[in-house]
Amino acid sequence: MSQARCHLRAALFLAAVSPRGATTGVTARRGLSAWPAPQEPGMEYQDAVRTLNTLQTNAGYLEQVKRQRGDPQTQLEAMKLYLARSGLQVEDLDQLNIIHVTGTKGKGSTCAFTERVLRSYGLKTGFFSSPHLVQVRERIRINGQPISPELFTKHFWHLYHRLEETKVDLAVVEVGIGGAYDCTNIIRKPVVCGVSSLGIDHTSLLGDTVEEIAWQKGGIFKRGVPAFTVLQPDGPLAVLRDRAQQISCPLYLCPPLEALEEGGPPLTLGLDGEHQRFNAALALQLARCWLQQKGHQGLGELKVSRPSVLRQMPLAPVFQPTPHMRHGLRDTEWLGRTQVLRRGPLTWYLDGAHTASSVQACVRWFHQALLRGHRPGRGPEVRILLFNSTGDRDSAALLKLLQPCQFDYAVFCPNLTEVSSAGNADQQNFMVTLDQVLLRCLAHQQYWSHLAEAQASPDLWSSPSLEPGEPTSSLLASHPPRTHSTSSLVFSCISHALQWISQGRDPVFQPPSLPQGLLAHPVAGSGAGVLREAGAIHVLVTGSLHLVGGVLKLLEPALSQ
């Protein structure tokens, strides 16, 4: 397979919808339409996804790319060529009203808030995000909904055939990491840009320090295009400020949501967790700036008459959120992020946190959700962690942050819905081998065991990993600290893990029968009895968005229809 064919995936997603549809980040316009899409004869949606999967970079080649990281400008020039071969020019993208968002944590939630606020104003929107949870078509949304299988199939084959007809070897185009190296930086004229919270992630591609990562993420800034960011540590904030100043990009720091709420009723967010308030604050500034530049009036009375400066950066406007803004924030939905599913005695807590800062936020959210949902007298409660982590992330560090949750069982499995993914094209991943993912799960189990052995004090809710002032007493009272090690298990796929955890007690997830040998391990056998008798089972699923997506596919079958 040629290098070009391996890396056309980037062009496929960027150009899969014409200028009438969606593109990277959030676009908004009147008259957007998902027009009827006749199917290619004999070509179904799953055929399109399977063919798309053949364009995934294989695991060995990806390692070579990491060692030979190219110049971002060279990669963008290659992206222009891919775009031209698809029948589009960069000038076509210039006609779209794009909001371009990057960051390490919260960029998807920020876009979800922003998109919903714009729709509350009666605008029609297109939204491109990555990765998907259940089906690949989720990456391209029109008016908040994933495009239909028929529309995806139509555009995929049209574009695929065009690219096949003009196949040549081109340079590698990286996709999905954000900032200077991302293929989405082909966008030259966004209306406004945003940078959500920054932290350590994708170190093999972006750098080993948060300052290096901030420099990469600031690569989306464009001359004269307003940009907004949330409060960051001093180091990355200074890098963003300097990078913006170098190209005359006006960069503003978002005031906290509390400043916008002052003097009015509190804002209600559709996404749970205190960290979502940072994302909502950024989203309000992005949406307001976009609306303002497009000539909309009545965008909230300003509370501050003159610009303020914080940490040597201009402060974004402090204004009274309008009813449309309030409704948009309240009605925002974004699956797999601080999501709770209550099913009989089981409560599933789903959050795709996969960096140190996002896992810290996840622990705080899980802690608060347990407090809100605690009901005395239901019988013994069991807490379970379902975890996986991929790429170059420090799994041991993430697991250490999760240890204070006092889980009874820690369960590890790869991001495979079933043992064989042959019939599930949306969940296939050729960038790692089966041996690699199983060995990684065993390493996670080993990390967890070492952490349990080294645990010196049961009172970890007051550890530095949590924010000062977090309430602890009521949670610990409902679940007394223990001194013995948490039991742990490794399963070969998500389905087997869920079957053991649920023990047939989830009214929706009802697989036909337990696989032979599922209870052969002593911990699995004894734990099954505990789970069948538990009054409440709390399951936190975290560490990987792909893991959360696989869990959602099984727990919410309607998402696959």
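Heads up, the Cβ atoms here are built off N, Cα and C, so glycines get one too.
Because the structure is a prediction, the values reported are computed rather than measured.
The Mg(2+) binding site annotation in TrEMBL covers SER130, GLU174, HIS202. According to TrEMBL, the feature ATP binding site maps to ARG337, ASP351. Residues annotated as signal peptide in TrEMBL: 1-22.
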Inquiry  = For the C-alpha pair, I'd like the distance in angstrom between SER130 (Mg(2+) binding site) and ARG337 (ATP binding site), rounded off.
reply    = 14
Query = What count of other C-beta atoms do you get within 10 angstroms of the C-beta of ASP351 (ATP binding site), across all chains shown?
reply = 26
Task = Go through SER130, ARG337, our binding-site residues, and report the one whose Cβ sees the most other Cβ atoms within 10 Å.
result = ARG337
